[in-house]
Amino acid sequence: MFHSSYIEISKSALQHNIAFLKEEIGPQVKLSSVVKGNAYGHGIEHFAPLAQECGVDHFSVFSADEAERLLQSLKKPATIMVMGYLDQPEVEWAIAHGIEFFVFEPGRLTAATEAAGKLGKPARIHLEMETGMNRTGFTLAQLEKLLPLLHQARGKVELAGACTHYAGAESLQNHERVLDQLSKYKQQLQYLESAGYHPAQCHTACSAAMVSYPETRMDLVRIGIMQYGFWPSPETYRHYLGLHRDRKDPLRRLITWKSSIMSFKNVPQGEFVGYGTSFQAPRDMQLAIVPVGYAWGYSRNLSNQGQVLIRGVRAAVVGIVNMNVMMVDVTDIPGVQPEDEVVLLGTQGEESITVASFGELSTQLNYELLTRLPINIPRYIVE
Ligand SMILES: *Cc1c(COP(=O)(O)O)cnc(C)c1O
């Protein structure tokens, strides 16, 4: 198979998650499937057609290169929305292909207006509001200055949406800030409407906001992490469970990342394992060498922290994760064989490795580990 590890993507898990998300938001709210970061590591080309089969017809990406990959892989027409980077030629390319995009700079509005005029095709834009994230978007004062440009753009630019993004809806710590952002958004929207501009779709919610702040759902929700079966944070999961006491985790993970044992090493008590002295064998040990390392996105932070599954049993990563290999402790796993399957992420038998179980329950870990899965690990769709 010419590769030391591979990724399986479960179709039934995605069907299940999409059905859950649609039930959660109801028929009035549109679901936009966020597939930036190579579909959170799942692979745009594998994930997007599968999502379409599950009834998704709206996708959000960060940039034109991702939009282009989406266009190439989609089997049916769908709305594509670029939330981030586009250079000048890409603005024109986007309009030509009917791709919608966020506008958060006067320059991009001008570029869109010019390109739309040239192409004889309207640009479909989403005005992004600065509400407190302090990243991209127009403040109320900047919106006021934008009005003349919007006026000039009439007929060439369609106001497809007005949007904003919350700075940490996955943590209760940011509660006041999120509410403040919501109220600023409403003010800015009201201002736009009083000036005669009526965005077709109002949207502000990511996964965490969708769960914890239902009033942020509006016309459309931009859902990334949850469609892949992961919660934005343990807090968001607890919030959900608090509202649905009878229910277990409604999400299923799509991804299983697998490798196999490459070699074994017996290490006497007292010896150090791998580079440096971070791990000293507390007893005589048997280690399995697994041909995956940080070059394939298995973070070096998981040195002496991570766990994998072999024969349905957890095996701890010992020593530093190397570029291409890591060592795991199989001393207590009877009958291990060369080429035994190693699950790095996902389920084997009764056990599961979730990203969160990698010790550190940091919010960003799910997102980061997934998106760091390199594009060149083969991906396969399984039922
Ligand atoms: C990534 C992103 C989302 C999706 O976030 P999740 O937490 O993965 O649901 C939504 N909106 C914007 C602007 C984003 O950048």
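The count begins at 1 with the first shown residue.
The backbone N, Cα and C atoms fix where each Cβ goes, and this holds for glycine too.
The feature active site, proton acceptor is assigned by TrEMBL to LYS36 (among others). Its Cβ placed at the centre, LYS36 (active site, proton acceptor) has 19 other Cβ atoms within 10 Å. Secondary structure at LYS36 (active site, proton acceptor), as computed by DSSP, is helix.
If you look up TrEMBL, you'll see LYS36 marked as N6-(pyridoxal phosphate)lysine.
For the recorded site, MET323 (substrate binding site), the DSSP three-state label reads coil. Counting Cβ atoms from all protein chains shown, MET323 (substrate binding site) has 11 others lying within 10 Å of its own Cβ. The substrate binding site annotation in TrEMBL covers ARG135, MET323.
Confidence for the domain 'Alanine racemase C-terminal' (254-382), expressed as mean pLDDT, is 91. Annotated domain 'Alanine racemase C-terminal' per TrEMBL: 254-382, in sequence order.
Under the DSSP three-state reduction, TYR275 (active site, proton acceptor) is assigned to coil, being neither helix nor strand. Taken from TrEMBL, the feature active site, proton acceptor covers TYR275 (among others).
Each residue of the domain 'Alanine racemase C-terminal' (254-382) gets a DSSP state, and the totals for helix, strand and coil are 18 helix, 48 strand, 63 coil. Cβ neighbours within 10 Å of TYR275 (active site, proton acceptor), excluding its own Cβ and spanning all shown chains: 12.
Residue pair LYS36 (active site, proton acceptor) / ARG135 (substrate binding site) shows a Cα separation of 17 Å.
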